[in-house]
Amino acid sequence: MKIAVEGCCHGELDKIYETIQFLEKKENTKVDLLLCCGDFQAVRNEGDMKCMAVPQKYRQMQTFYKYYSGEKLAPILTIFIGGNHEASNYLQELPYGGWVAPNIYYVGYAGVVKYRGVRIGGISGIFKSHDYRKGHFERPPYSKDTVRSAYHVRNIEVFRLKQLKEPMDIFMSHDWPRSIYHYGNKKQLLKKKDFFRQEVENNTLGSPAASELLLHIQPSYWFSAHLHVKFAAFMQHQTNVEGEIPKATKFLALDKCLPHREFLQIVDVEHDPGKPDCLEYDLEWLAVLKATKDLLNITSKTWNMPENNGLHSRWDFSASEKTKREILDDLGHDIKIPCNFCMTTACYDPNNPQYKRVATHIVNPQTTEFCARLGLVDLNAKIRQHEEEGDIDITEDNEADSIGSAEDPGEYSTDTSLLSTSINPDEIALEDDDDQEDEGMAEKLGEPSPDYTPDLSINFSNIRVLPDSMAVSSDDATDSTNDELDRSESSQTEGEGKQSNRPLKRMSNENGSGGVKIKRRNQAIYQAKDDEDE
C-alpha cells in the first residue's frame, strides 16, 4: 500500500491533504494512509493555543478546529505523533492514544497500532535529559516551564517500547535518533544546515533515547522531522545470532510544509491484503502497557525504570503469549480500534471568538473507556483524584506565571506585516533560556537558511517514491544519498501517459495548468527564530 509520510505539519492540514489529492489525480494513484511526524498542532480553540509552545504573537488558529467540529472530514486516515509545538493540553487527554478528530488518530505518548497488517509505532515529543526521568505531572493551565516540559520524552515510554520483541514495520519519532547522520551523507546535510556541524562532529545532535530505541526495535522504516531538512540514511544492524540475517532500517527525515521544501514522500509498503481496512490494536503493546501500569509516575520527582542490576525483583516486562491471549479476551476478541471520538471542549467560532478562554484539565472519555477495558491507569483521572484529595506534590508550580491569562484579540490576527523577523527564516522563537545540554542548537540557529523563499503563491510538482534501496554514499563521495534518490526517481519521459518524478516541493514558480495554487496564511510564523531545543 502507499503511505504518505509528512515531516512537521505546523497546522497545515488543508495544504497537506490538498497536496496529496492533487498528486493522486496527477499520478493516477491512491494514497492509503498519511503519517505525520510531529508538530501537528491539533488546536481546537483559543484555550488550546495558549497551551502551545509558540510565542503569543505567532499563534494562529489554522483549520484543525474544522476537522474537530465535523465541518471537514480528513480524506485520508491520518496517524500522527506529537512534537514540540503542540496543543499539549489536548494531546494530554489521550496518553494512550485516540481520535483527535474523525479519521485522525494520535499515537499517544508512545504507542503501536496496526493497519492492513502493517505494524506502526511511534514516540511523541523531544528529548531533554532534565525531564527524562520525571513523571507526566503537567496539567493545564500550564506555566511557562510546564508548557515545554509537557512534551519532553519520559523514560517510561522508552522502557515500554524496549519490551517489544515482535518485528516493527514503521516507527516514528519527532527528533532524530542520535548518530543516524553517520549512516547517511553528512557532507550534504552540513551543506544544507551548516549550523549542525559542531553537534554532528561531537555526536550530540538528536535524541539518545530515540537512538536506543532504533538499536532495539530495528524497524524496516524510521521517519522523523524536527530539524527541517530532508535526509535519508541506511542503517545495517548487527546481530549476535549465528546464521541470522541482520536487519536494516531505512531512515528518512522530512522538512516542514513550506514553499521549496521537501516535506512529503510516498512510501510503498507491503501489507496483508487479508487484513481489514481499519486501525487495529497491537496485542503485544497492550500487554506491555498492562504489565507496566504500576511503574507510572505522576509527579515531577525522578524515577528510574527497573534494571537487571540486583536492585529489582523484576525487570523484564515483555509480553508472553499467555498475556496476549488475556488481552484478546479483555477486548472480546475484537482488536479493531473503536471510532469513539467525542468532543470534550467547545470549538473555535470565528464569528464569536473567546480570547479569554483558558484550557482546563479534562479527562477524555476515550481514555476512560480504554483504561476500563484493559485495567489500566488513567493518568489524568489519577492526577485529578490526587488533587482533590490534596495528597499530590507536583513541585512544579502550574499556577505561578500561568500562560492562561486573557490576551488581546489582536494576537490572533492574520496580519503579520508588523512582526519583526530574525535572519533565520526557519524557526519559531520560544524566548527562554533553558539549558542546551542535550542538543545545543539555539546559538547557531541565527544563520540564514540556504533554501528559503518568501514567495507566497505556489503550486506543486510531482512526488518522489522512496526506492527499495537507499544506498549511502561516503562523506567524500560526489553524490549524496539524496542525490541517488533523485537519480533513481527522476528519469524524464516524453511519451503520453508517462510521468516525470521530481521531489515534492511547494513551488512558487510553477504555473502549469492543473496546478493547485495555495497562498500562505502564516508565513511570518516561519520567518522567526526557533529555539528547536525546547
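The backbone N, Cα and C atoms fix where each Cβ goes, and this holds for glycine too.
Record check, Swiss-Prot: divalent metal cation 2 site residues include Asn84, His174, His226, and the candidate from Asp39, Asp131, Asp272 also listed there is Asp39. According to Swiss-Prot, Cys8, His10 bind divalent metal cation 1; the candidate from His228, His237, His260, His271 that the record adds to this site is His228.
Counted over every protein chain shown, other Cβ atoms within 10 Å are most numerous around His174 among the binding-site residues His10, His174, His226, His228. What surrounds the divalent metal cation 2 site, by Cβ distance within 8 Å of the Cβ centroid and not counting Asp39, Asn84, His174, His226, is the set Cys8, Cys37, Gly38, Gly82, Gly83, His85, Gly125, Ile126, Asp175, Ala225 from the same chain.
In the structure as shown, the Cβ atom of Asn84 (divalent metal cation 2 binding site) sits within 10 Å of 29 other Cβ atoms.
Asp39 (divalent metal cation 2 binding site) sits 5 Å from Cys8 (divalent metal cation 1 binding site), taking the CA atoms of both as reference points.
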